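**Student:** Dumping the structure here so I can ask a few things about it.
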Amino acid sequence: MECCLSEEAKEQKRINQEIEKQLRRDKRDARRELKLLLLGTGESGKSTFIKQMRIIHGSGYSDEDKRGYIKLVFQNIFMAMQSMIKAMDMLKISYGQGEHSELADLVMSIDYETVTTFEDPYLNAIKTLWDDAGIQECYDRRREYQLTDSAKYYLSDLARIEQADYLPTEQDILRARVPTTGILEYPFDLDGIVFRMVDVGGQRSERRKWIHCFENVTSIIFLVALSEYDQILFESDNENRMEESKALFRTIITYPWFQNSSVILFLNKKDLLEEKIMYSHLVDYFPEYDGPKQDHAAAKQFVLKKYLACNPDPERQCYSHFTTATDTENIKLVFCAVKDTIMQNALKEFNLG
């Protein structure tokens with residue numbers, strides 16, 4: 001009988017060891033997929049960052065994929081010009097030549113979301129308007145209304161885009177703007193580990209959908225548009241965009257769901273800040289700024305400190321990087337550093353080292 005029990009005990013022990021081993025294996029396999037949640041207010045660059053991951057770590061964009069963006073580029077051009085035409089009226093700016101108001105009426109007669117081609121008379125109207133002194137003044141005052149960052153990029157390159165055989169470049173695709181509604185996921189494999197990036201809509205109306213994404217988040221990547229220090233919200237005419245972004249970051253970093261997730265700050269659109277800081281002074285929007293004017297390095301550090309001050313836990317590290325999401329080389333370098341941070345934290349958290 002004792003012999004029998006001993007054999008049973010041995011078998012039970014062996015089974016327990018197998019179960020333990022399998023549990024360890026399952027835990028390890030579960031961690032072979034790392035979930036990265038991209039957060040930030042609308043137009044901070046989250047979708048552009050995911051496109052970069054597809055270019056750098058995925059299959060990129062085939063000619064067929066690129067053809068799928070032609071309509072979107074055309075729509076972005078119409079949308080940008082229509083935004084400026086509306087602003088001309090709001091800001092009471094006159095056209096350089098009076099008859100150009102008729103061209104403006106022509107461009108406004110089209111619903112930009114239905115645009116599928118780019119030809120005369122609309123092509124000529126948009127080219128003529130972009131050269132108009134009044135529209136240029138309106139463009140210079142773009143912080144006073146809503147205009148996409150890519151407006152100048154496309155409108156300055158119409159000679160290429162108007163060609164019959166036009167095929168969008170990767171840069172055209174990176175710059176193409178379509179507001180994210182709902183949740184987009186992009187998984188990619190890196191060194192045998194699946195990085196699952198989740199991009200959620202940034203506009204206020206989209207944020208209630210985030211709750212479904214909160215489970216098992218390895219890292220939060222929070223994007224800040226540095227260039228928004230002097231801009232107002234898309235959803236509200238009197239709120240500073242950066243203040244809204246900062247309030248959101250403060251909420252995110254204190255959520256109980258994310259206590260074990262590493263936090264990475266991407267201070268994005270540094271190229272736009274460097275351009276803008278020369279004529280739009282930080283102190284006019286943040287009176288507590290006491291650094292030099294027209295100094296982009298001082299401005300970047302000031303904004304970084306503002307965000308880091310939102311973290312109530314001195315023990316919790318926030319990793320930060322200054323980025324230009326439309327610059328593939330910059331994102332390649334930054335994500336290389338970020339990958340190491342994410343991996344180290346995941347190993348530490350789940351004792352897989």
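Every residue gets a Cβ built from N, Cα and C, even glycine.
What Swiss-Prot shows for this protein is this:
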- 40-47, 174-180, 199-203, 268-271, A325: GTP binding site (BINDING)
- S47, T180: Mg(2+) binding site (BINDING)
- 32-353: domain 'G-alpha' (DOMAIN)
- 35-48: region 'G1 motif' (REGION)
- 172-180: region 'G2 motif' (REGION)
- 195-204: region 'G3 motif' (REGION)
- 264-271: region 'G4 motif' (REGION)
**Student:** Near T180 (Mg(2+) binding site), which binding-site residues out of G40, S44, V200, A325 have their CA within 10 Å?
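**Tutor:** Qualifying among G40, S44, V200, A325: V200.
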**Student:** At the level of the C-alpha atoms, what whole-angstrom distance separates G40 (GTP binding site) and S47 (Mg(2+) binding site)?
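**Tutor:** With distance taken Cα to Cα, S47 (Mg(2+) binding site) is 11 Å from G40 (GTP binding site).
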**Student:** Do you know the DSSP helix, strand and coil residue counts for the region 'G2 motif' (172-180)?
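**Tutor:** Summed over the region 'G2 motif' (172-180), the classes give 4 helix, 0 strand, 5 coil.
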**Student:** State the three-class DSSP label for S44 (GTP binding site), counting H, G and I as helix, E and B as strand, and everything else as coil.
**Tutor:** coil
**Student:** In angstrom units, rounded to an integer, how far apart are the Cα atoms of A325 (GTP binding site) and S47 (Mg(2+) binding site)?
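**Tutor:** A325 (GTP binding site) and S47 (Mg(2+) binding site) have their Cα atoms 9 Å apart.
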**Student:** Need one number: mean pLDDT over the region 'G1 motif' (35-48).
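**Tutor:** Averaged over the region 'G1 motif' (35-48), per-residue pLDDT gives 91.
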**Student:** Among the binding-site residues L174, V178, V200, A325, which residue has the fewest other Cβ atoms within 10 Å of its own Cβ?
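**Tutor:** Selected from the binding-site residues L174, V178, V200, A325 on minimum Cβ neighbours within 10 Å: V178.
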**Student:** With Cβ-Cβ distance below 8 Å and at least 6 positions apart along the chain, what are the contacts of S47 (Mg(2+) binding site)? List them in sequence order.
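**Tutor:** For S47 (Mg(2+) binding site), the qualifying residues are V178, T180, L184, D199.
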**Student:** Looking only at DSSP and grouping its letters into three states, which state does N268 (GTP binding site) belong to?
**Tutor:** strand
**Student:** If you draw a 10 Å sphere around the Cβ of G40 (GTP binding site), how many other Cβ atoms fall inside it, taking every protein chain shown into account?
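**Tutor:** A 10 Å sphere around the Cβ of G40 (GTP binding site) contains 25 other Cβ atoms.
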